[in-house]
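Heads up, the thing below is written out as structure tokens.
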């Protein structure tokens with residue numbers, strides 16, 4: 001085997017062969033120019049460093065620093081931490097005009113939303129405004145997205161409001177296993193839960209349940225229908241909710257009117273506040289915001305403690321809310337980056353989001369992230385850079401310094417209406433339908449998360465979503481796909497006979513492909529499944545009176561890894577086949593696989609002559625007469 005050319009190219013890359021002279025000659029002589037080779041041996045240290053590099057630094061983040069002077073490396077390092085130093089050099093007045101309009105537009109949207117989201121998180125209203133002042137400034141300097149608008153968002157606010165009220169012990173690190181389908185279901189369920197929670201302010205109910213499940217909420221709502229509802233509050237909420245939904249419809253139908261739904265919340269707040277003030281409806285039971293603290297963010301350093309009974313709870317809440325916030329922000333950033341044909345850097349985004357929330361925690365902010373509704377408005381308003389976030393922050397600062405007392409008579413019903421209209425966008429019916437069409441297991445995860453959130457609680461919905469996602473991974477890993485291959489006529493290409501019904505089986509040969517890495521948790525299943533393919537074919541040839549099977553070819557190009565249990569399973573397979581007088585043949589094992597098979601001396605066990613570069617060459621050498629007949 002020494003000196004042979006290695007190849008890890010899959011069988012799918014074989015060229016279609018139409019029977020040229022050289023190909024026919026090779027087939028007739030059962031010879032090939034190329035054979036399966038072994039990768040060069042590496043030292044333990046080299047193997048370890050290569051593994052670490054591929055695992056943690058696959059995108060080569062230090063590549064730009066290579067062969068650069070120290071001064072240039074310092075500049076590149078600062079530009080990595082603060083991308084504003086890079087794009088700021090090309091900033092122009094034309095870009096500023098777009099950013100100014102976009103910043104003013106999203107500020108008009110964020111101010112009423114922030115007050116409402118703070119109440120959703122069981123915080124005083126000013127904390128929502130605090131979270132749209134400091135974090136956007138940090139992100140503008142450190143983020144890599146030009147379009148993300150930063151601030152508190154509904155789902156994170158709900159998580160904080162729910163998890164702070166209740167002792168939450170599960171998930172934590174396994175939230176990484178949330179699939180897209182589970183997130184769609186979770187977001188939809190969270191949207192309905194958020195909307196149901198707003199019925200307290202929307203209807204003016206004073207004695208409202210603290211539970212979040214739909215059954216408890218509806219019992220609380222209908223239990224107060226005769227004496228708990230305030231009709232003036234309900235009229236205010238209904239009228240302005242209808243107004244907000246109509247403006248959203250107008251904005252969707254005509255893209256040039258994107259600013260209409262953007263300024264609608266602020267108009268609603270101003271009009272509703274004025275109406276309550278001149279009619280003094282608060283004296284007749286209409287609940288209002290009352291006082292909002294005036295001034296910039298106070299320091300909260302003295303409130304941070306690393307001891308005490310709330311340390312563990314704070315860590316768990318931070319882990320869950322932080323992961324949701326990070327996932328949402330990166331997804332939003334990539335969406336709008338694709339529209340403008342640029343890339344965002346995931347590493348920079350994590351640094352920026354983490355830094356802005358750390359600094360935010362020191363300045364009385366709660367968790368902020370990218371808001372989809374604000375980012376969409378920012379994009380439509382023509383933002384060019386993250387300066388639009390700076391403009392928004394300045395407007396929020398002026399609001400904190402000058403006009404917060406004017407929100408005293410803002411009715412809670414209008415804030416509830418703004419939140420309800422905002423979270424309706426989180427219900428992705430089209431996405432759920434697409435998931436149903438594409439993958440039924442994914443749809444189960446989606447619906448499990450959805451119903452778990454609305455019927456039990458947010459944390460149970462998260463657990464159900466993670467559990468189903470993990471169960472799907474385990475199922476796919478422990479029960480990988482194996483397929484029977486056949487020869488496409490007039491070629492040396494072998495494909496799945498179910499996908500290509502015209503593919504023909506070769507007499508005396510069974511060709512099976514394994515579509516997964518082979519580990520301890522699936523090796524026995526793979527062995528048994530291969531033997532079942534063999535038994536099925538043996539039964540078929542008996543019925544059709546065909547020649548007995550002499551060779552079993554296993555196509556290994558999709559197999560990226562194999563462990564010692566997998567090798568042992570192949571040894572057992574070889575022993576079983578020997579008793580049946582069937583020869584095991586391997587086709588196109590990758591470098592990692594063939595190296596381990598060689599170290600385990602499995603290549604000596606089956607014979608190196610039974611390891612081929614392609615299935616076509618394996619069939620040509622194992623059954624040349626049958627191949628010529630085909």
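Placed from the backbone N, Cα and C atoms, the Cβ positions cover glycine too.
Sequence annotations record features per position, and here TrEMBL assigns compositional bias 'Basic and acidic residues' to 1-16. The region 'Disordered' annotation in TrEMBL covers 1-31. Annotation source TrEMBL lists compositional bias 'Polar residues' at 20-31. Taken from TrEMBL, the feature transmembrane segment covers 138-161, 173-196, 228-246, 258-279, 317-339, 351-373, 379-402, 414-436, 448-471. The domain 'STAS' feature in TrEMBL is assigned to 499-622.
Contact counts against the transmembrane segment (379-402), taken as Cβ pairs under 8 Å, peak for 258-279 among the stretches 228-246, 258-279, 351-373, 414-436. Nonlocal intrachain contacts for the transmembrane segment (258-279), taken as residues 6+ away from its ends with a CB within less than 8 angstroms of a stretch CB, comprise 105-106, 108-109, 111-113, 236, 240, 243-244, 247-248, 250-251, 286, 288, 377, 380-381, 406-407, 409-411, 413-415, 417-418, 421.
For the domain 'STAS' (499-622), DSSP puts the residue distribution at 63 helix, 21 strand, 40 coil.
Within its own chain, the transmembrane segment (228-246) is flanked in space by residues 201-207, 261, 264-265, 268, 271-272, 275-276, 281, 284-287, 411-414, 416-418, 420-421, 424, which lie at least six positions past its ends and keep a Cβ under 8 Å from the stretch.
On the 0 to 100 pLDDT scale, the model's mean across the domain 'STAS' (499-622) is 92.
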